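Pulled from Swiss-Prot:
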BINDING   A:R22, A:Q23, A:A24, A:G25, A:R26, A:D71, A:Y145, A:S199, A:H308  substrate binding site
SITE      A:D71  site 'Transition state stabilizer'
There are 2 protein chains.
Amino acid sequence: MNSFISMIRNGYSDTIPVWFMRQAGRYLKEYNEKKGRMTIKEICMDPELIAGISYDPVRILNVDAAIIFSDITIPLEALGYKIEFLPGGPRIINGYIKNHDMKDIIYFEESNFKYKIYDAIKIFKEKYHFPLIGFSGGLITVLSYIIAGGPDSNLNLTKRSMLSDDKFNDYINIIKDMIIKYIRLQVRAGVDAIQIFDSWLGYLSPQTYENYIKGHIEEILSEINVPVIYFSTGTSSIIEKLSRLNVDYISVDWRLDMKLARSMVNKKGLQGNLDPLIAAYNLRYALKETSDIINAAGRSSYIFNLGHGVIPETPVENLKHIVNFVHNFNQ
Amino acid sequence: MNSFISMIRNGYSDTIPVWFMRQAGRYLKEYNEKKGRMTIKEICMDPELIAGISYDPVRILNVDAAIIFSDITIPLEALGYKIEFLPGGPRIINGYIKNHDMKDIIYFEESNFKYKIYDAIKIFKEKYHFPLIGFSGGLITVLSYIIAGGPDSNLNLTKRSMLSDDKFNDYINIIKDMIIKYIRLQVRAGVDAIQIFDSWLGYLSPQTYENYIKGHIEEILSEINVPVIYFSTGTSSIIEKLSRLNVDYISVDWRLDMKLARSMVNKKGLQGNLDPLIAAYNLRYALKETSDIINAAGRSSYIFNLGHGVIPETPVENLKHIVNFVHNFNQ
C-alpha cells in the first residue's frame, strides 16, 4: 500500500510519507510551462490540465501524495463573489467592504460552481491511481479574503468585523456552508483525504478562537468522512486545542519544535514542518533540520511536509533530495 | 514607589503596572498635533519634543511607565545607512540588496549619532521624575530592515542571507555592536529599564534561533545593567528558550495563553498580552480578556500590556478604561 494512505489511515508505514504544500507551483518549470499565460481560473476550467498539473510533482519529486490543483477562493464565485487573481494574491471585488449587505450573494450550490474540480479529481484517480488530497481554505482564512477583499494584514479588518459587527455571523454561515459543500464535492469525486488550509488562524488569541470560531470549525469537521489534515500557521500555542478537534492530522508550521508538538497533539497525527525558506536556500542545513524533525516527530502517525507552501525560489533539486532523504531515513 | 519600578525590580507591587507599546502614537490626538507635518527624524532632533511626546500618554491614560519616543531604525544612520520613513514603515536606501559590500558603512560611534535621544531622556527624567523605558530593536528585526531595505515579508530575504551568505556575519556584527552601544547610551542617560523589540524573531524555526541567533542575543544582553524586557511576536513555541536568556521580563504576544506562558518562563517576569485589535474594536470583550489574562498571569512578576503595539484605530477611551480596569483589578 502507498505510504501516505497507510499512514493517514493506520498511523504507520514502511517509509515516512512525504508531500509538499504548493508542490504544484511556480518553483516548477513544468508548472510554468503548462500554465503559460493562463489564469488560475482558466486552468480550473480544464479538468485534464488540473489533473496533469496535480500529478507532475509526483512524477518529478517522487512524493507520496498529490493535492488537487486549485485555489482556496475558487468556490467563492458560486456565491456571487467576483474574484481576480493578482500577483499579490486573489482580490474579491464585491467583498465585505464594498458589499456589506451581501447583495447578490447566495449560498453555495453545485449547479452554480462552474470550475472542473470534480471532473479533475475523477480523471486524476482514473488515470493515475495515486493518492490525492482535496482541500479547502479554513473558515477564518476564507472569511479574511471576503472581509478584506484580499490579504488582510494582521487580520485587522476581519477581527474588527468579528468583534464589532453582528453581520459577521451571516458571513460565517455562508462561508461555513460553502466549505462543507465544497469538501463534500471533492470527497464524492474520490479524494483520499482533505487538508484544510487555515493559514491565518494564528492571528486569533486562544480565547478568541474558543469564543468565536471553534464551534463553527467543529461543525465543518463533523461533515467530513475521509481523513482530515488541519493546517495552520502561528498556532503553536493552540495546537493542543486544535488536536482535540475531530481531525486526524495536525499540520504545524516551522515555528514549533516537533518534540513539543508531539507532546501536545493528544495522539493525533502530525504533519510538517521544515521551514520552506530553509528548503529553498540551504540544502545541507535543510537535511539536518529534516533529520532533527523526523527524530523529534517519531515515525508513527507522521507525514513529512514543509511548515508552509514551497516558495517560488526553491530549486527542484532541493526538494528531490529532501524526498529521497525522508524515504531513506533510518533513526 | 511607582508600581512599574517596584514590579520590574522586585516582582511585586500594590497595583498591577500597565503601559502600552506604541502608547505615544497615531491613535492619540495630542501626538498627531505635536507631530504635525514633521517626520520621525525631525522629531528625533528635538529633545524637548521627544520628552513631551513620551510623557503625554502618562498624563492622558494614567499608565505607569513611559517609553522614550523614537524608532528602531533611528541609530542606523550613524552607521551610514540612509533611512526614509514611508507610510508602510522605514526604508533603507543603501541596505544589503543595494550595498552588499557595505560601502561607507561603519561601526556605531556616539559622535556620529545626531539624534537627541540622550538629551531627551535627561530632560524627561529631570522634568517628570517618572519611570522611563528605553528601547532598541532586536537583532534579527533590525537586520531584517537592513537586509530587505524595509519590511521583509516572511523574513524571506533575511533568511536567505542568513542561510546562504557568509557576509551575513558582518551584518550581524555591526548591528549587534550598534544595539549594545545604543542601549548603553540610553542607560547612561537614565532610563529605568530597556525593552528590546524583536518583532520578527518568531519567523525563525526553534533550531535556527538556536543555531544562528541565540549566541548573539546573549552577547547583547550581557552588556545591559538595567532590567530588560524582551518582546517578540510569533514566538509561542520558544518562550521557554527565551526565558532562559539573561532577561527580567518576557513580553508575549496575544497568541499565547498566559497560563501556558507562566508555565514556560522559568520564574522570569511576564508582560502582555491583550490583542491590540481587541483593545481597538470591542471594549467590553477587551475587559473580559484583560480579566482572563491577569487571572492567568497572576499578580506577581507581571506587567500588563498589549500583545503588540496600539493600532491607530484605537479609541483613547478604550485604553483609559483598560488602565483603570487593571489598576482596580481584584482577583
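Keep in mind that glycine also has a Cβ here, set from the backbone N, Cα and C atoms.
Features as recorded by Swiss-Prot, highlighted on the structure.
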{"residue": "A:R22", "record": "substrate binding site", "contacts (Cβ under 8 Å, 6+ apart)": "A:G309, A:V310"}
{"residue": "A:A24", "record": "substrate binding site", "contacts (Cβ under 8 Å, 6+ apart)": "A:Y31, A:I53, A:S54, A:D56, A:P57, A:A66, A:I67, A:F69"}
{"residue": "A:R26", "record": "substrate binding site", "contacts (Cβ under 8 Å, 6+ apart)": "A:N32, A:P312"}
{"residue": "A:D71", "record": "site 'Transition state stabilizer'", "contacts (Cβ under 8 Å, 6+ apart)": "A:I40, A:C44, A:F85, A:P90"}
{"residue": "A:Y145", "record": "substrate binding site", "contacts (Cβ under 8 Å, 6+ apart)": "A:I72, A:T73, A:L76, A:P90, A:I92, A:G95, A:G137, A:P151, A:D152"}
{"residue": "A:H308", "record": "substrate binding site", "contacts (Cβ under 8 Å, 6+ apart)": "A:M21, A:S199, A:T233, A:D253, A:W254, A:P276"}
